[in-house]
Amino acid sequence: MSSVVYKRVVLKISGEALAGDKEFGIDFNVVNRIADEIKEVRDLGVQIGLVVGGGNIWRGRDAVGMDRTTADHMGMLATVINALALQDALEQRGVPTRVQTAIEMRAIAEPYIRRRAIRHLEKGRVVIFAAGTGNPFFSTDTAASLRAAEIDAEVILLAKKVDGVYDKDPLKHKDAVKFKELSYLDVLNKGLGVMDSTATSLCMDNKIPIIVFDLTTYGNIKKVVMGNDIGTIVKEG
């Protein structure tokens with residue numbers, strides 16, 4: 001069996017990624033492709049925790065005039081919808097999967113319990129962490145950093161629609177320069193938008209590297225866990 005570099009990872013997938021080419025909702029072609037990739041990686045013996053966003057269903061910044069806490073709670077519920085879609089796709093492929101939510105909703109998912117999550121991972125189950133941190137004013141990127149620290153993940157795999165971190169938006173600027181490696185302070189000081197400052201600081205404090213890579217290219221998740229040099233790595237300087 002091919003060797004992997006990372007044995008326990010947190011994979012962060014944005015809600016927008018699940019929308020595919022749509023502006024809204026879930027593209028099940030994308031969900032099924034992601035599930036295929038996760039199965040391949042899980043079959044290599046990698047323990048996978050998933051954190052999913054909700055921006056394909058609800059974006060708090062569009063909630064003009066709405067109470068921020070209420071808007072954030074709606075966003076948390078959106079992540080649960082996405083988590084259930086991913087769980088279903090994975091289970092159809094024979095991958096045992098558990099959804100754990102930061103807000104209790106026992107009829108459809110387990111509550112987040114750290115020791116139980118780790119036990120699931122050790123048994124080869126994929127664990128999807130939904131509902132963010134369970135608190136308003138915190139992003140799902142921060143949830144990914146928090147869960148990675150709690151379950152002792154070796155790396156956060158930050159799945160994007162671009163193949164790494166650039167000095168400016170490569171979709172808008174043809175002369176954008178890609179970074180191969182960055183420090184946490186580079187990300188914070190240059191405002192590169194890899195993750196928000198809270199999420200980045202949490203990774204820095206706990207020395208959790210972040211690998212930013214292109215999710216739209218099939219096979220990239222496997223390449224990253226096997227140590228292939230793709231994307232941008234953010235780590236201690």
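For all residues, glycine too, the Cβ spot is worked out from N, Cα and C.
For the recorded site, S14 (ATP binding site), the DSSP three-state label reads coil. Annotation comment: Swiss-Prot describes K12, I13, S14, G15, G55, R59, Y166, D169 as ATP binding site.
Feature annotation from Swiss-Prot assigns UMP binding site to G54, D72, T133, G134, N135, P136, F137, F138, S139, T140. In the three-state DSSP assignment, the secondary structure recorded for G54 (UMP binding site) is coil. In sequence order, G15, G75, M76, L77, A78, T79, I81, N82, T140 are the residues of the chain that are 6 or more apart from G54 (UMP binding site) and have a CB within less than 8 Å of its CB.
Neighbour counts of Cβ atoms within 10 Å were compared for the binding-site residues K12, R59, and the top value is held by K12. In three-state terms derived from DSSP, N135 (UMP binding site) belongs to neither a helical nor a strand segment and is classed as coil.
Neighbour counts were taken at the CB atom with a 10 A radius for the binding-site residues T133, S139; the maximum falls on T133. Within 8 Å of the centroid defined by the CB atoms of G54, D72, T133, G134, N135, P136, F137, F138, S139, T140, the record's UMP site, lie the Cβ atoms of G75, M76, G132, T142, A143, excluding the listed residues themselves.
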